[in-house]
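Asker: First the structure, which I've put down as structure tokens, then a few questions once you've had a look.
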């Protein structure tokens, strides 16, 4: 039995989906269940191994679509600059170094080889670009050996990618991809595939799936049809990570599904089970399937994360009046609302501090808001860090998100005993915040009024720190968190796998 977890991408600032998969990988290891995590995006700027290892996966758990058809294994980049130099056929005339970029110039040739190292102090090669007459013609990508090459044709608007060649360990060609804008044709010795979707289907065919295997769809945009067509005898389950429908566009007769789940829901008769993270979402989904589609699919509730232990630290040992939030710095997380709230609350409690963990596209905007309010001395952007032992140094957690399918950081926050202030929205906040017991759920009125919301957050921040029972709220967070300890989630997954696969040895 193998559980194949299907996703698209992963990055340094990963989303909750990737963190949910990382938690799941730990559970499957403890259950002794073989699990593979398949990523189907193209990775050019970073070796996928660095990204998956960073979040907690083991190398032998990872399948990358593009190296699946080669004999390469997932491994950290180790190809050295010396190895590359030994491969040059022309004598080096001179070199130029700028940070982690080294350029080689050759005697009597217009060829320039530009090398991107892992970092400035490293001699490990990540990518090599070949320029001829100042025009880009090829890029090579490395891990412990050359993984693939890209070939470019010069055009007026810049270099145009037209081909990728993927290699085996001995340097032989495994297959080629002909690229025409967004379209690709994949050429193998034995077959030709006319789309990426067909490539995914071919991978599943090669896996020779049996009725003891399971495919868990975490993300399936653009590949859902290929999965259902090529699943063989394997079971298929869909993991719902977010709000699954558009509330404002749904009425008594029509529902608008979240486009990430529309294909799966529309083909629910081909899905063996759905998984949500909360009982509330499970009930909502079951009711909606019955009402709008007149079907009764199997829906399980399994939290996407779990806690290995409660991170204990007494309230008075934490930094006084300290707040934090942790998320991607994205517009839907509404960190700007929280910054403005803390600025307002700071006028009442000047000792307040607010640390914001995470990275993302909103970083510059948020930094400007902090600077505009002259709040640099008490509001900080902390970047992306491992927070497992950080939460317990703080006293209160803030959540500005208007929708969380589960909210892993919320779970981690209460696991460290933090009261939480957040909006009264499904599903994470309503799962981890019990109003007045371990924090506050702020009523949300639509459309959102950012100023009113920030003011409400400020008022609740002040109220919480002035509360005489704040230590009780701190302890109540631990009480809620105990429901999400590893043993409980392991039992949930064990029950699910036994039932779905009819395998009671798990």
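Cβ atoms here come from the backbone N, Cα and C positions, even for glycine.
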Asker: According to Swiss-Prot, 404, 405, 406, 407 bind N-acetyl-D-glucosamine; which one of 50, 241 is listed for that same site?
Answerer: 241
Asker: Spatial neighbours of residue 407 (N-acetyl-D-glucosamine binding site) among the binding-site residues 18, 384, 385, defined as Cα within 10 A: which are they?
Answerer: none
Asker: Between the Cα atoms of residue 404 (N-acetyl-D-glucosamine binding site) and residue 16 (UDP binding site), find the distance and write it as a whole number of Å.
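Answerer: Pair distance, Cα basis, whole Å: 9 Å.
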Asker: Which of the three DSSP-derived classes (helix, strand, coil) applies to residue 17 (UDP binding site)?
Answerer: helix
Asker: Restricting to the record's N-acetyl-D-glucosamine-binding residues (241, 404, 405, 406, 407), give me the longest CA-CA distance in Å as a whole number.
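Answerer: Looking at 241, 404, 405, 406, 407 as a set, their Cα atoms extend up to 9 Å apart.
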Asker: Please report the Cα separation of residue 18 (UDP binding site) and residue 406 (N-acetyl-D-glucosamine binding site) in Å, rounded to an integer.
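Answerer: Residue 18 (UDP binding site) to residue 406 (N-acetyl-D-glucosamine binding site), Cα-Cα distance: 13 Å.
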